[in-house]
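Only one structure is covered here, and it is reproduced in the block below.
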Amino acid sequence: MSTHAKQADASDNQEQSQDGQRFVYQDDELIDKPFDWGQLKRLFSYMKPYRKQMLPIIIVMMLVGAITKLTVPLLIREAIDKAIIPKDTHLLLIIVGIMFAVYLIQWIANTFRIKYTNMIGQRVIYDLRHDLFSHIQKLSFRFFDTRPAGSVLVRVTNYVNSLQDLFTNGVVNLLIDVVQLCGIIIILLTYNFKLGAAIIVTVPIMFFISTKLRKKIRHAWQDVTMKQSRLNAHLNECIQGIRVTQAYSQEKANIHFFTKMNMVNRLSWNRASMLNQSFGPMIEITGAIGYCILFWLGAHLIQTEEISVGLLVAFATYIGYFWEPITRLGQMYSQLLIAMASAERIFEFMDEQPSVAEIDNAKALPSIQGHVKFEDLVFEYEPGRPALNGIQLDVQAGQSIALVGHTGSGKSTIMNLLCRFYDPNKGRVLIDGQDIREVTIQSLRSQIGVVLQDTFIFSGTIKENIRFGRLDATDREIEDVAKAVHAHDFIAALPNGYDTEVQERGNVLSMGQRQLISFARALLANPRVLILDEATASIDTDTELKIQEALKTLLAGRTSFIVAHRLSTIRNADKIVVLDHGRMMEIGNHDELMKEQKIYYGLIQAQYKFLQDAV
Ligand SMILES: Nc1ncnc2c1ncn2[C@@H]1O[C@H](COP(=O)(O)OP(=O)(O)OP(=O)(O)O)[C@@H](O)[C@H]1O
């Protein structure tokens, strides 16, 4: 990034943070890097599968298109010199006929070329996006911990899109332009070296203007894109947080901030578009210089009978042809740089290895009984800040364990390690005596059910949301599990029952309803080990009772770990583990721990007091 751009950017960001103090957006750096051939090669490897089927057709069509285009001025010369001036109507008709045929061939060639380049372009983009998405799906939690969802999203959508142009037009246009430009230069120099050489002088000037000005224009458009993505990020945040905004009456402040961003966006667009508009006239002026040289020198050469009038007109037509490939070649370079930068960001994600990886000879975990053992676990999300320290726990198959402790004490982290979303820094997690790092991730996770506090409901029907637990479940099985967890009644009362569409994140459902659906989902999966992060939100007594009943069904016969908030759940647990700052402080059942009158006792006392105060 240039110093100027950096400064502008920094001051911009600062301005925004000073203004709002709330919204500060991190931008990807401006794209201005040296060309990376390795990256280009990797990118083009995506064209390999289509190399044999489509590329030959495209190249032939491209050559036919370029050659026919270059033939037209020569036909004009023939027409003027041999038919129009000598008044040979018959020959003129023949030449016009040939010209028509040439245009027809050119049109057919271009149509096919565009069709096939679009096809290749679309397929390459499809493959690239597919690979990127599949890879991201496999990445570990650590990856998502450090990246906002927005930045992942932008790479899968915007950056992949920005490569589309390169594959659909860029590459083929580059070849066409080079062939066309070389063809014109050869023709000009062959037909009249003196006149040809004089006109060609304008080529480097055009090229210089094109690349120099284009660079400025490119930066200006990148600035527009950056401002727009900030605007998008802000818009997204505002819509997601609209309830909080309205609850705190912050609409005015938000509108004010948005207006400023909108204005900055408009100004940057104005600048880019002004620069863009100045480009055309500058190239035209250079073209005009070419015409002046042509007509001045050309007229002289006609007088000395070195060239014919027809050739002069043909040369004038060729000058007209210069401008298109030169402009495009200038554009192409910046397009390539942008594409390379996008590719770099895409490949950066693709090269990211899941931090939780399978060992080479990982075997499938056989059907488990559910005996879980944590051996001296130590875990840090960030170096030097242990989230868990010396966790030692032996859980027999079928036991239920309640994990309690203050917020941030490490309850969810234990669950994360059991599911192998992270690997411990020290120690082991064993299931039925098997170290979970030695088995395949799929075989491990498929035998562990997880019900999270923030129940995720996908867009789709209620039925499909429950089926997420086991994709081959029948409708009957879905209804059975829903009945077992007491979700059937409320689902049946919905307008379309099990086929009712729920929007993204299940906004139309209440917290309790969402929980019941996630219980049904987990019950359908029928795992031997179940992890349950209880929702803290208080719900009405009726739903609370339903959830308790549902929980009984869900937990029966399974090894379960519950981040427990409800007194009823805690009381019924076989073992209660009390955590504090990542350490296990107490372990025992409710009565034992109450007798000890230590941390657990204090927590329960506090909860009772809270409940009593609330009544
Ligand atoms: N993804 C993460 N990256 C870095 N630190 C994290 C991450 N997740 C949790 N932590 C830290 O690890 C510690 C334990 O967090 P954990 O989520 O296990 O606590 P918890 O007991 O489940 O809390 P709560 O009851 O609030 O959910 C906390 O200090 C937290 O700040």
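Using N, Cα and C of the backbone, Cβ positions are placed for all residues, glycine too.
Among the ranges 307-323, 477-493, the one that TrEMBL lists as transmembrane segment is 307-323. Which of 195-213, 328-346 counts as transmembrane segment depends on TrEMBL, and there it is 195-213. Within the chain carrying the transmembrane segment (195-213), a Cβ under 8 angstroms from the stretch's Cβ atoms is held by residues 181, 185, 187-189, 275, 278-279, 282-283, 286-287, 289-290, 293-294, 297-298, 301, 307, 315, 318-319, 322-323, 326-327, 329-331, 333, all 6 or more beyond its ends. Residues 61-62, 64-65, 68-69, 71-72, 75, 78-79, 82-84 of the same chain, all 6+ positions outside the transmembrane segment (91-109), place their C-beta atoms under 8 angstroms from a C-beta of that stretch. Outside the transmembrane segment (279-301) by six or more residues, the chain places 192, 194-195, 198-199, 201-202, 205-206, 209-210, 213-214, 217, 307, 312, 315-316, 319-320, 322-323, 326-327 with a CB less than 8 A from a CB of the stretch.
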